[in-house]
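> Input: one structure, supplied below.
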């Protein structure tokens, strides 16, 4: 026999991804790459834009925790982002607390605000849940606009201090590294939630709520807890944003803020958790580029690119990459052997059944004669 030619594969990203998948080191390597990118970001782009990307990445992860893992689309998360921004700013302005405590206070306020809103909303699903959360967000927007003595009305809160133990962190480059631990801690918390038994229950509730109820899980309670946790993460992002930029405005509690976070999640990939960071980087960078170029209608360009990406990548950017990575990962030898054995025994059983069916037409005696001599496998 002629020697078989070795199969040549072309180089490139797909081959690298497949080799990483086979080695089992793709997870730690991607995590290290993401951490290195986060640390190097203000050196590569304008520091305020880097801070925006970090905050929006955490906000998108909070929205994805509810949308991708619980199946609830919320247009009310702007209330938690903007509400926490106001609360963080007020604490920093009027109490003199260090900004880390102010950020934690804003996150706690967002989580507490989510309790009554979530209690009244989680009993609904689909478009009804989205509309109810949108209504609550608009109520928060109305209160922030009318309560001028506290929130500043249309002017917002200005001059939020950015000092820590006497150090002035008003320079965006330095504050980025001061606020980054909050973002990384929030992303790690979201990752631990979705990989915990609680996260697996959320996925089962998303896929089949009736079955989860039949198994004894309090579906509404789980949804409420997921809603509160998501609001706390969104509040953390809003607090870091307010301290980093030194102001809190009405734009933060407007419904378009929620819509932009949902768009980032869809761009990166629903149910991927890390895809929101990719969507945040893409949207924030695009908006900054268009604003620098003097283009007024940034929404038209952003929306057009959003439509194109959704049509090309149905699972989102990171969702599609993860799908290709999983498709190139070879099956385990034991699983493949078990699958082959099961297929073989099923085929043998089907063949015996066909033989009996055919021979029954010629008579019962002939049916006995064509029966295979081997006894049936226990696996059949």
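Quick reminder: no glycine exception, Cβ is built from N, Cα and C everywhere.
TrEMBL annotations: computationally assigned, not manually curated.
For 29-46, 66-87, 99-120, 126-144, 174-194, 224-250, 262-283, 289-313, the entry in TrEMBL reads transmembrane segment. Among the features that TrEMBL reports, compositional bias 'Low complexity' is placed at 336-360. Here TrEMBL flags 336-380 as region 'Disordered'.
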> Against the transmembrane segment (174-194), which of these stretches has the most C-beta pairs under 8 Å: 66-87, 99-120, 224-250, 262-283, 289-313?
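Answer, by Cβ pair count: 224-250.
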> Under 8 Å, at least 3 Cβ pairs, sequence separation 6 or more: does that hold for the transmembrane segment (262-283) versus the transmembrane segment (289-313)?
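The transmembrane segment (289-313) and the transmembrane segment (262-283): touching, yes.
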> Under 8 Å for C-beta pairs, could you tell me which stretch among 66-87, 126-144, 224-250, 289-313 has the largest tally with the transmembrane segment (99-120)?
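Most Cβ pairs under 8 Å with the transmembrane segment (99-120) come from 224-250.
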> Determine which residues of the chain contact the transmembrane segment (126-144) at the Cβ level, with the cut-off under 8 Å and only residues 6 or more beyond its ends counted.
72-79, 82-83, 86, 113, 117, 120, 151, 250, 253-255, 258
